[in-house]
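Taking it in order: structure first as structure tokens, then the write-up.
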Amino acid sequence: MGSSGSSVTAQRLGLVLGSVLLLQCVCMTVTFLYFSSQLKQIQETFSKNNMACLMDDIVDLHADALASEEFADYPRREKMGRSGELCWRFRAQIYQLVEKTVSKRYDQDMSVIVKGEVSRLIPYLSQPQSGTQPTVQKIAAHLTGNRRSKSTPLGDSVSRRLQGQKIQMWEPRRGQAFLHSVEYKNGELIILQTGLYYIYAQTYFRYREITGVGDSRPGALLSVSGNTQMVQYIYKNTAYPDPILLMKNTRTTCWAKNREYELHSIYQGGLFELRYLDRIFVTVSNISWID
């Protein structure tokens with residue numbers, strides 16, 4: 001009798017415990033479903049409010065453009081009263097996201113630009129620092145006179161297109177003469193690079209007395225041929241058949257016989273655009289007077 005009573009008590013206790021566990025499971029399930037539903041509703045509401053915030057900005061812009069200020073202010077105030085705080089937070093998040101995106105893209109672009117500049121400057125930075133600036137290849141030429149200067153025998157067709165006598169012999173290397181990135185041949189400077197060039201020329205003229213002509217008394221002036229004009233021409237030869245006259249300078253003087261100081265010079269210079277393989281040369285009115 002005692003054993004059967006304890007058995008019934010154990011069964012009842014197990015039934016009570018099972019009922020309690022089942023009730024707890026049901027409560028937890030109901031609670032989970034309830035909170036899940038509420039969370040979903042909150043998310044949907046928040047999403048709708050966020051979209052409404054963006055739409056409010058667009059609608060407000062159109063309202064400001066299409067309606068009066070009084071018409072546009074009423075709905076705006078009402079909406080701000082309902083969800084102004086949420087809209088403010090959402091807009092702040094949007095602004096932060098846009099700022100981060102733009103900043104990241106800007107940093108990437110600046111990184112590319114900086115890398116390009118550094119790669120461009122690396123050859124200069126890698127040069128040894130010797131205390132002097134790196135030499136720059138200059139394009140220049142300076143020719144000096146040659147005592148063997150003589151005129152060039154030109155063909156009839158060429159001589160008809162030229163004025164004066166071409167100076168054939170120049171000194172391109174010795175003394176003060178030099179050539180940098182320019183070639184010299186047959187009295188002509190040959191241009192090797194297209195660009196702007198300053199071209200100049202200076203020639204000295206001295207009268208050479210011819211015996212047996214005119215009055216030989218010291219200091220006497222030449223009669224007809226004494227009043228002689230000295231002319232200097234600077235020409236450019238191109239691919240065209242005819243040379244192009246760039247500059248011309250002239251001087252007229254009255255020569256005196258037996259005067260060593262009767263020395264006159266002509267100088268001229270100018271800036272011109274020259275192309276590859278253009279050739280520059282000088283002619284004078286009387287090459288026998290060149291000193």
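All positions are counted from 1 along the displayed chain.
Keep in mind that glycine also has a Cβ here, set from the backbone N, Cα and C atoms.
Cys254 (Zn(2+) binding site) counts 10 other C-beta atoms within 10 Å of its own C-beta, drawing on all protein chains shown. Taken from TrEMBL, the feature Zn(2+) binding site applies to Cys254.
Summarising model confidence by region, the domain 'THD' (139-291) averages a pLDDT of 80. Here TrEMBL flags 139-291 as domain 'THD'.
Non-local neighbours of the transmembrane segment (12-35) in the same chain are absent; no residue 6+ outside the stretch has a CB under 8 Å from one of its CB atoms. The transmembrane segment annotation in TrEMBL covers 12-35.
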